[in-house]
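Let me give you the structure first, and then I'll get to my questions.
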Amino acid sequence: MLQEITHLAALAPVGLIAAAILVLPGLLVLLPIGTPLPAALVLAPAVGLVPLSVAGVVLAALDIPWNLTTAALAMAVAFGIFWLVGRRFRFDRKVVPDYGWLFVSALGAAVAASSLLTVVALHRGMGSLDTASQGWDPIFHMNAVQWIRESGQATPWSVSPIFAAGGSYYPVGWHLVVSLIPDDVVAASNISTLVIGGLLWPAGLAYLASVIFPERRGIWLLAPVLGAPYISFPFAQLMRSGQWPNGLGTALVPAALAILILTLRLLRTSPRERLAGQGFWHRRVLPTVLVAVLTLGGAAAAHPGAVMAVAVAAGPFVVAYGVPWLGRAFRHHRKSAVIAVTAGVGLFITAAAVLGQSRLLESVMSYNRSVRAELPEAVPFAVFDLATFPVLQPPDIDGFNLYVGLLAAVGALACLILRGHRALAVGWISFVLLHILAAGPENPARWLTGFWYKDTQRIAPMIAMTGALLAAWTVDQLARGAAGVVQRAMEGRGARAHRLGSGYAASAIALLLVAAIYVASDNFRAAERIAVTARNYSVGASGMGVLAAGEQDFIDEASRLLPDDAVVIGDPFNGETYFYTLGQRRVVYTQLGSATSGNEAKEYLRTSFNGIHSDPAVCRALGSLGVTHFYEDQPGMSHASDGLADWPGFYGTDTAQGFEVVHRRGPHTLYRITAC
């Protein structure tokens, strides 16, 4: 562990730069309107994506390239705008109560502990920040980042050309941020996952805990630590599945949910309290609503799926706060309440009608997802955060997130029975049920999970979010109960002794419980977390790896020997696509999914390139695509693609004539095509 920490310390500079790029834009928006620094630091990554996304669109419209300089200038403009806004609408009280620097330091230590546990496991799984992920999605995302750097276009409609698609929408919040990190695409992408999973996520859990449990400071400390054993995030979604943009959206959900809950609390404030507070609307409600809108907008900019996750998680809180508020409104302002309800229903129906016409949403909702688990295995799969799909490997209790999962389940049941924090418990249960539906098999209710592509790996992080808070609540309850026994044992020693004894005892007991869980769960399931991360970073993985041992270095070296206008062709499942990611040289096939994108020339070459000496159509196709070089490798299996069966054109080519060797090492050879 010490050696790992020393190695990570050497990576701190680029990590701090990446964190600054994620946080500073939001601070330039939040601080001018008086948002207190602790809350601003957590909300900033989401809020900052709004002006950054707007800047990307505006700069593209003005034909100004997207880069660190132009983004900084755009944020200076945003700072000026919100400085003017802050002169009119400014917070007059803290979003989070101020408990002093001692407690703030303790909270920072808890977040740091969770961050360290997560980052060490992530880095061990990667092996190195310079190691390229071989996941299906990461290949797409790294090439999209390279395209933004090359084209200077950073809008949701500008990544399509490199993938031979039309002007379709794709969320680029993650891509535009990573494109600004001053490192190569691979390292920048990897460092972003460390920041997202190791910093944004635990900080968000702590902030959400502070909002849901404002008077239970122990839970603030426990929540980020008890979130660390969950594999579902960041390890499964962010690393194994490689859903980097969606993972950024997921990491922003706790902060977005927290500010939404704060807004609901303000709106339910009684009329007497509103009249008593000077500038209630201008100093409290409007700034909070503004920050909530910006936070949700930033989450949507990262990935629209985050908004749906917030909607499900916030639903129980909306009911808990909204029903009493509506009751008071109907009693005292019936006409206004009727208008408000009618407007809300109308807005919902309109939004549903508009979304119902979206072909993109229809394709997402109807996604054909294979079965991951069936009942009864689907229940422990959801509750206990299994690392492997039960259809592939029957559940084994050794693979359970047993202790934290049990604490979360007990906490949910207790909250329902005790009528305390029911909204949180209902949220956890809702995500568990959605996870079970998404796991399969196909049934009439499975369409409800279509917003997440019926993918358990997109839903599971929300179980981790709510589960970590419920587990923290349970530990805090147990510690307080045990401390009560200590307090009674101290009777007769004075009230001050009672309070100090109870407080210190509760803290010590909670710490011991967490330490016991850490030891009993094999260091918070460290081996499983590392193994899940390593899945896409292991070279030569049977049936999975796109790259063989040493192939990344070969492609990097070979790319340097190519002219800037070179275009490389080859089997994308066998390394061709990495010439763009690693060497900034154009390739014909830029992704694994829909690799030919319906292009006739690309499709023809996929099956017929090896007929280059006898088929004139091959040279015509190569000419239409501007191809200059051919990358040849030995056939193999990768992501269920059989090179000889699925990409036969790139194997068995006679390269003795019409091809000049540019670089060769072992089975890897890069040729310049002279046959055409």
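Glycine too: its Cβ is placed from the backbone N, Cα and C atoms.
Owing to the predicted nature of the structure, the values given are computational and were not obtained by experimental measurement.
The transmembrane segment annotation in TrEMBL covers 12-33, 40-62, 68-86, 191-212, 219-238, 244-264, 308-326, 338-356, 400-418, 423-439, 459-479, 500-520 (among others).
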Between 12-33, 68-86, 308-326, 400-418, 423-439, who has the most Cβ pairs under 8 Å to the transmembrane segment (459-479)?
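When the Cβ pairs under 8 Å are tallied, 400-418 comes out ahead.
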With the transmembrane segment (400-418) as the reference, find which of 191-212, 308-326, 500-520 contributes the most Cβ pairs under 8 Å.
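Looking at each of 191-212, 308-326, 500-520 in turn, the most contacts to the transmembrane segment (400-418) are made by 500-520.
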Counting only residues 6+ away from its ends, which parts of the chain sit with a Cβ under 8 Å from the transmembrane segment (191-212)?
11, 14-15, 18-19, 22, 39, 41-43, 45, 96, 107, 110-111, 114-116, 118-119, 122-123, 129, 174, 177-178, 181, 183, 219-224, 227-228, 233-235, 238-239, 244, 247-248, 250-255, 257-259, 261-262, 421, 424, 465, 468-469, 472
Do any residues, 6 or more residues outside the transmembrane segment (40-62), come within under 8 Å Cβ-to-Cβ of it, and if so which ones?
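Hits for the transmembrane segment (40-62): 22-31, 70-71, 74-75, 78, 153-156, 158, 172-173, 176-177, 200, 203-204, 206-207, 251-252, 255-256, 258-259, 291, 294-299, 301-302.
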